[in-house]
Amino acid sequence: MGRILSRKRWRGQLVSTEYHYRSRVSSLLRSEVRVVGSLFHWDTCWRTVPFSVPTNSSSAISSRTRPWPKFMNWARMDSCYAAASFKEKQSENKDTDVWNMAEAGGDHELFGLMKQRFLSFKNHKYMKELEHFQALSKAQYPKFMVIACADSRVCPSNILGFQPGEAFMIRNIANLVPLMKNGPSECNAALEFAVTTLEVENILVIGHSSCAGIENLMKIQEDVESSFINKWVTNGNVAKLRTKAATAHLSFAQQCRFCEKESINQSLLNMLSYPWIEDKVRSGLLSLHGGYYNFSSCTFEKWTLDFNGCTVNEESSSYAIKEQEFWS
């Protein structure tokens, strides 16, 4: 009689253990059930794990098991576990920006984070400014064109707070603008669209500290075999020559810092080689600005090209700037 009662207790503990396990899985994945609910029912497809039950008898009590349904998709199951893991981490860090992409553990978490950011934008920005976004869906009237570096640490919308519809943007390595005579590129195509179609009133070229593109420009040797990167950054050769002439006594790091700013001014000057830009600048309908973001100290320098002090010709060119500001 005692042995029967003991066996009943063990069976009760087994059922209790199974129930606890199923409750844990169900709790972990409850937030994702709606996504996969049409594929299977959690109550009839929980994972079966043999539980060993201590016993004095030679025959152990076998665990109660249920087979997986034939239509169970293991890939989707893994996806659900990853999504649930993301939601647990998100609950630990209420602000999704605290848990950034560098901490993500795989594609599921990367795109899970991206999805949450999109939904946050939709719920807290788009829906609250629905009328504004509906108007933007019909046309755009940006005041600015921004040419910035493709560096992942430099995002004009974050740094300067540009909102949707405010700035037409293009990003490339080292934020360079080639001369018109160098031929077509995605940069001058964007310039043409911004100036002639969108009729922007300001063009802002933004450079930044620790720019790898400028460092590459400063290191290039003329006899080195060209790559796509090398060919592109040579659009800043004039800035490199100016830098070498003015900073021969400085360290290489200081020369790069000087060239980061000098290349911005050279890009502003290069824009005057496009007749439809020069005409608008001359008539006062368009202004050309430079900006420099130091992400180590989080400071920003802004200035405007003084058209009256600029000369552009085949032999030589010079520039002047005005309205300098330093934001810190």
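Each Cβ is built from the backbone N, Cα and C atoms, and glycine gets one as well.
Nobody curates TrEMBL annotations by hand; they come from automatic prediction.
DSSP classifies Cys211 (Zn(2+) binding site) as coil under the three-state reduction. Counting every protein chain shown, the number of other Cβ atoms lying within 10 Å of the Cβ of Cys211 (Zn(2+) binding site) is 21. If you look up TrEMBL, you'll see Cys149, Asp151, His208, Cys211 marked as Zn(2+) binding site.
Summary of the Zn(2+) site environment: with the site residues Cys149, Asp151, His208, Cys211 set aside, the chain residues having Cβ atoms within 8 Å of the Cβ mean position are Ala148, Ala150, Arg153, Val154, Ala174, Asn175, Gly207, Ser209, Ser210, Ala212, Gly213, Ile214, Glu260, Tyr293. Listed in sequence order, Cys149, Asp151, Arg153, Val154, Asn175, Glu260, Tyr292, Tyr293, Asn294, Phe295 are the same-chain residues at least 6 apart in sequence whose CB falls under 8 Å from the CB of His208 (Zn(2+) binding site). When the binding-site residues Cys149, Asp151 are compared by the number of other C-beta atoms lying within 10 angstroms of their own C-beta, Asp151 comes out lowest.
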